[in-house]
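Read the structure below first, then the notes.
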Amino acid sequence: KKNGERKTAKLPISASVPRGFWALPENLTAVEGATVELKCGVSAPGSVVQWAKDGLLLGPNQGIPGFPRYRMEGDPARGEFHLRIEACDLSDDAEYECQVGRSETGPELVSPRVILSILVPPKVLQMTPEVGTTVTWIAGQEYTVSCVSGDAKPAPDITFLQSGQTVSSISIDVSEGSQEKLFITEATARVTPQSLDNGKLLVCEGSSPALVSPIKVSITMNVLFPPGPPIIEWPDLNEGLVRAGQNLELPCTARGGNPPATLQWLKNGQPVPTAWGTEHVHATARSVLTMTVRPEDHGAQISCEAYNSVSTETQKQSITLQVTFPPSAITILGSVTQSENKNVTLCCLTKSSRPRVLLRWWLGGRQLQPTEETIMDGLHGGHISMSNLTLLVRREDNGLSLTCEAFSDAFAKETFRKSLILNVKYPAQKLWIEGPQDGQHLRSGTRVRLVCLAIGGNPDPSLTWYKDARIVTEPRPPQEPRRVQLGNLEKSGSTFSRELVLVLGPPDNKAKFSCKAGQLSASTQIVVSNPPVNLSWDKEGESLQDVAAPSQSAPFKGSAASRSVFLRVSSRDHGHRVTCRAYSAELRETVSSFYRFNVLYPPQFLGEQVLVVTAVEQGEALLPVSVSANPVPDAFNWTFRGYRLSPAGGPRHRILSNGALQLWNVTRSDDGPYQLHCQNSEGTAEALVRLNVHYAPTIRALQDPTEVDVGGSVDIVCTADANPILPNMFSWERLEEDEEEQSLDDMKRMSKGSTGRLQIRHAKLSQAGAYQCIVDNGVAPAARGLVRLVVRFAPQVEHPTPLTKVAAAGDSTSSATLHCRARGVPNIVFTWTKNGIPLDLQDPRYTEHTYHQGGVHSSLLTIANVSAAQDYALFTCTATNPLGSDHTNIQLVSISRPDPPLGLKVVSLTPRSVGLEWRPGFDGGLPQRFRIRYEALETPGFLYVDVLPPQATSFTLTGLQPSTRYRVWLLASNAMGDSGLGAKGIQLSITTPGLDQPSGEPYDQLPTEQPTESPRLPLLPVVFAVGSLLLLSNVSCVVGLLWWRRLRHRTEETQELSHDEDFSRAKNEYEESQWTGDQDTRSSTVSTIEVQSHYHSLRDFSPQLPPTLEEVAYAQGLEEENMAFPGHLYDEVERMYAPPGVWGPLYDEVQMGPYDLRWPMDKYDDPGRIYDQVAGDLGTMGSDSLPFELRGDLV
């Protein structure tokens, strides 16, 4: 093989190699689609060479025109002109020759002709039956199968393989194909399948020189063949031997067969319905016959047949049953009842059994000898046994068991018996009567008990009572009261008794009562008294006037009396009793009888007739009827609002049998009077019943919100629809979280009919909020309505200190934000002034944002590019609404040194330590820290300790000596400098206790402040070594100016203090944000003793320090004159302070992140860089974030 070529044969060249060729083509055989090359080597270079195909010249070009698959290969200079044919097909099957044209170097030459033979393999094989199918054949029968190949060259060889074995009987027919040179082979085979071929393949295999391996197609043979014989598996060795009652299971198995065998059970040739199953893997059919063996199955032939659809005959196996069965019953013929001392003759007879059984007799535990025994043939091949017995019976044999027993060795574990109870008859021995003495006088109506007794006797003696020779029986139907009660025969051991109970009457006078048992009898006589009586009439206990009749004689030697009465009856007499009473003085007893009146009258409503019925909406209502009538009313008609209700009922009503009207799903529209009409055969009557429907209240009107001015009056009106309307069904609640504010003691609650009022007089801000009107008339659910009371009041600006400072660098690069918040209803309008001049908000450097949250209003004024010359001023925020106005001042100042700390005090004292506490002062707009300076008075020199962390407001100074006097100073410092030592309140003197003194708070030693020589003159923090007169003069002038200004402002603010103290926080219920008292003092404090204000730093002097809220601190009153110079340039604008604890922190309802400068729910463009933030917005700065020069260190 080379380049897809395959040489299969080389034909000999007829002549010798011509002169002029050094290589000649050879005969070639190639498979269709292969590439071949015919060799042609020419010795005369420069000649024109071309190939001829079946005489057709192909031309001298290397790429042969018209034959794209043909090409001459080789080096023409070397005389190589090989013909290469790619993808050969049948059209290339031809004779080829190489021709060399005449040239100067030689004559024309022609190579010998060679043959290129193209082999075409068969593409498909077609079978009949169709390829891939399953054919069903019957084993042993001959079938014809054909297999046809496709076009091929040469004709392919076809063989058949049956289950892997070559089929010998095959015929081949070769014919021309669809094209010239192609052939078709058709092969026909005769196949006789066998059972072993089932499920195997019949293969048609085609082979050809053009194929590398044969091609195969196949069909699957489904060979039908009969099954093998059935096999019955008997459960034990004794085949066919069974016992009646046994549950027999016989499996039957048939192996082989396609399809699997069908199994059929037969009993005596008759089919028995059973089910069978098949196991296709092993081609096994199995069926189990389940039967309960009966005696009649003896000799029955049980057969199992196996067959399928191709069986020529049914195969069968049979078993004959040999059934062993006991007698199904034993019968004793004859009577076991006989009088004593007489013979009884009995016959014991068994049913058929196999094998036969023997019989024996027993009387109690004694075996008897039979008189005769007989064996007879029975059913189903069995035998019948019979035994006769004659026996003389005695009285003592009565009640004994007489048994006939059957037994056999075949049934050794079983015994069959039949027993009867011997009944020997004999008479009773004694008879007597127990009761009153014979001839005793008894009163009529007396209850008398007579008992007849007898001893012995079989059968039981029948005791019969007679009265004057007539049998005594109970009357039917029984009398009321029953005068004769005859008991049943009772037995106690061998004694028998029967009771007769009599209620004596006149007929029993001198009657003879007898008892008989067979031939025995006993008797007694009763005498009954019957004296005269007195008669009287009464009606329901009321005596009636009657008329007497003459006396008459009576039977049984007695007397009879009668009296009559005449009455006029009415409806009230219906059902009443009229009683006739008879009294016997001799017997001292009374008897009576009565008539009950049945008075006919028309309907009459009774006094207990309900005229008003109350029901709850959506519930049920029953309108009862209390009517009296005779006969009972035959019609009850109800009418509502002129419409008659259907007697047959409706979706929401029905009329009960007693006339009552039942309603369900009652609505308020059902309220009203219902007319009832009753009728019977005697007349009619009418009544009016009112239905009162109660329903839960609903609030119809409630003005929300209800507004009132402070000090004014208003009524909150709540109107409800309800039934019933109760006097106190209105109640009010105040919806507040604080229980103290829920009280309504200062309000008046009123209700009239369906309207409730909550009266508010002299309205206060504390009364504003949400109220709930609750209406409860006892029908659930109670109605609730929410109403908001809005108390209108003039603006109240929040100014926790007389002055709020904001610090910013005045270098025209920073921004500052001034915050102003006020409360008021209705909404507030804010205006700003600077140094008393209205602020021009059109100036691009000023930006105002206003926020309204309920009754809380805020205004934020942002100043961009703060200039010290233009913007360090006093800004005034004025809040105005229709009810008034209020204002506050905010001072914009520069960054400076911190104020001295405030309120330095001792909180604990030990021999070696002291605990200090203070309030930070204004930090000057920069982070501040604290340092403690202290000295021991007996030791020269000062010691310094830095407070850590820097924001701490308490510190424990350690390392002290016991029983030593110390002086302690507290300094505040920032990047601009420290607060100085001259301020009042930053120094105190202490004396540590001795080691033998108890430690704790210095109760006996109060902290002392540094003594001052001049309480009203400022103390300089640094004593200059060299002072000049000019410097002292300047200091005096500045201090004098500050003193005068502070004194003026204190006078003005003292007048405002009383107003601020009365200033209380007003809160309306509908506010969305709440005011809190929490303050963030992590970074700075306010310049006041108790109340803290807010300061906003706008300029960072330290790297990576975010702007923080700073607070300015001041001492109270005029004692600030002792502050060391230099102080703040704008301290003269301070005012007196508001009462401590009045105000909470500013803007606490607005929550922002540590570095989030945006207000919630609002976005706007920042005109400049606004660096200031609310104090609570910034996280606590760690000490590591401070620059090194601002960090404290211990000395």
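Cβ coordinates are placed from backbone N, Cα and C, and glycine is handled just like the others.
Per TrEMBL, domain 'Ig-like' is recorded for 12-111 (among others).
Note on the domain 'Ig-like' (122-220): mean pLDDT across this stretch is 91. Per TrEMBL, domain 'Ig-like' is recorded for 122-220 (among others).
The feature domain 'Ig-like' is assigned by TrEMBL to 229-320 (among others).
Under the heading domain 'Ig-like', TrEMBL lists 327-421 (among others). Each residue of the domain 'Ig-like' (327-421) gets a DSSP state, and the totals for helix, strand and coil are 9 helix, 57 strand, 29 coil.
The domain 'Ig-like' annotation in TrEMBL covers 427-529 (among others).
Residues annotated as domain 'Ig-like' in TrEMBL: 697-778 (among others). Residue counts for the domain 'Ig-like' (697-778) under DSSP (helix as H, G, I; strand as E, B; rest coil) come to 7 helix, 44 strand, 31 coil.
Under DSSP, the residues of the domain 'Ig-like' (795-896) split into helix, strand and coil as follows: 4 helix, 61 strand, 37 coil. Residues or ranges marked as domain 'Ig-like' in TrEMBL: 795-896 (among others).
As annotated by TrEMBL, domain 'Fibronectin type-III' applies to 900-995.
Positions annotated as region 'Disordered' by TrEMBL: 991-1012.
For 1019-1044, the entry in TrEMBL reads transmembrane segment.
Between the domain 'Ig-like' (327-421) and the stretches 122-220, 229-320, 697-778, 900-995, Cβ pairs under 8 Å are most numerous for 229-320. The helix, strand and coil residue counts that DSSP assigns across the domain 'Fibronectin type-III' (900-995) are 0 helix, 50 strand, 46 coil. Under DSSP, residues within the domain 'Ig-like' (229-320) fall into helix, strand and coil as 3 helix, 50 strand, 39 coil.
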